[in-house]
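Report on the structure given below.
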Amino acid sequence: MAELACFCYPHLESDTYRFIPFNSLAIKCMLTAKVDKKDQDKFYNSIIYGIAPPPQFKKRYNTNDNSRGMNYETPMFNKVAVLICEALNSIKVTQSDVASVLSKVISVRHLENLVLRRENHQDVLFHSKELLLRSVLIAIGHSKEIETTATAEGGEVVFQNAAFTMWKLTYLEHRLMPILDQNFIEYKITVNEDKPISESHVRELIAELRWQYNKFAVITHGKGHYRVVKYSSVANHADRVYATFKSNNKNGNVIEFNLLDQRIIWQNWYAFTSSMKQGNTLEICKKLLFQKMKRESNPFKGLSTDRKMDEVSQIGI
């Protein structure tokens with residue numbers, strides 16, 4: 001995760017702003033600079049290589065002292081920064097909006113995946129600039145649209161029906177902020193269209209999840225799509241979701257947290273996110289993740305008869 005201000009800076013032109021991507025040498029200068037505390041939140045002028053991000057975001061970049069940040073010296077950083085600028089320059093951002101826009105915390109890996117989709121000649125985003133920019137505006141939280149299958153970050157499609165598409169995420173192969181844990185495995189489920197979904201299509205998805213992904217929890221980050229994650233990683237997801245939710249509220253970026261379909265979401269996660277939305281502390285919310293829940297009446301009782309036992313998945317074992 002990183003703020004948009006880690007990728008670009010605003011330049012006032014008439015009554016609107018044009019966004020310009022940072023270059024890696026300017027960032028490198030900023031990372032080595034001694035800056036007064038009162039100037040930590042201001043864009044840094046490297047003198048030689050142009051404007052750099054505010055020093056308060058130093059920890060967002062990979063250095064000798066911090067291996068958890070972005071690999072900003074890779075070509076992928078520039079591609080992501082340029083893509084963000086293209087999207088922001090396609091809309092009007094005024095002086096009253098610019099601080100709010102740049103403070104938004106975004107998924108770096110999501111943006112890298114959109115770059116990969118853009119470069120894939122077989123992908124619809126390669127052929128449609130309008131759809132590409134829509135996808136980016138959704139990814140950076142500037143659009144009220146939800147991420148659907150056409151505008152999704154992408155990955156490897158492992159399941160699809162008339163209503164849903166399930167993707168295996170490819171973060172292990174990333175350049176900008178790769179997942180280093182070689183045991184990482186995670187999926188994302190997007191709706192094909194933002195419209196009511198028939199019960200039969202929900203049934204098909206739940207049957208697939210029960211049999212092929214029975215070692216995983218179905219959760220949501222509140223953005224209109226589902227994530228299918230290992231139970232061992234749920235607490236980590238909870239920390240990130242809670243931090244992003246609080247950060248957005250603090251910065252005035254109030255975005256409705258979409259709880260999604262309770263029949264699909266893991267019961268404990270639904271309780272966690274509901275508690276978070278009510279304003280409870282992280283400690284109180286996380287207790288619900290490990291609490292034994294009263295099993296609710298199953299609207300799809302009998303689904304287990306839809307598959308033979310030899311079809312039960314070994315994924316995640």
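Cβ coordinates are placed from backbone N, Cα and C, and glycine is handled just like the others.
Residues or ranges marked as active site, for NTPase and RTPase activities in Swiss-Prot (evidence: sequence analysis): His225. Summarising the annotation, Swiss-Prot assigns ATP binding site to Ser107, Val108, Arg109, Lys188, His221, Gly222, Lys223, Arg227. Annotation source Swiss-Prot lists region 'RNA-binding' at 205-241, citing sequence analysis.
If you measure from the Cα atom of Ser107 (ATP binding site) to that of His225 (active site, for NTPase and RTPase activities), you get 14 Å. For the pair formed by the residue listed as 'active site, for NTPase and RTPase activities' and Lys188 (ATP binding site), distance between Cα atoms is given as 7 Å, rounded to the nearest Å. Sorting each residue of the region 'RNA-binding' (205-241) by its DSSP state yields 19 helix, 10 strand, 8 coil. In sequence order, Ile146, Glu147, Asn258 constitute the residues six or more apart from Lys223 (ATP binding site) in its chain with CB-CB distances below 8 Å.
Cβ-based neighbour count (10 Å, all protein chains) for Gly222 (ATP binding site) stands at 19. Averaged over the region 'RNA-binding' (205-241), the predicted model reaches a pLDDT of 96.
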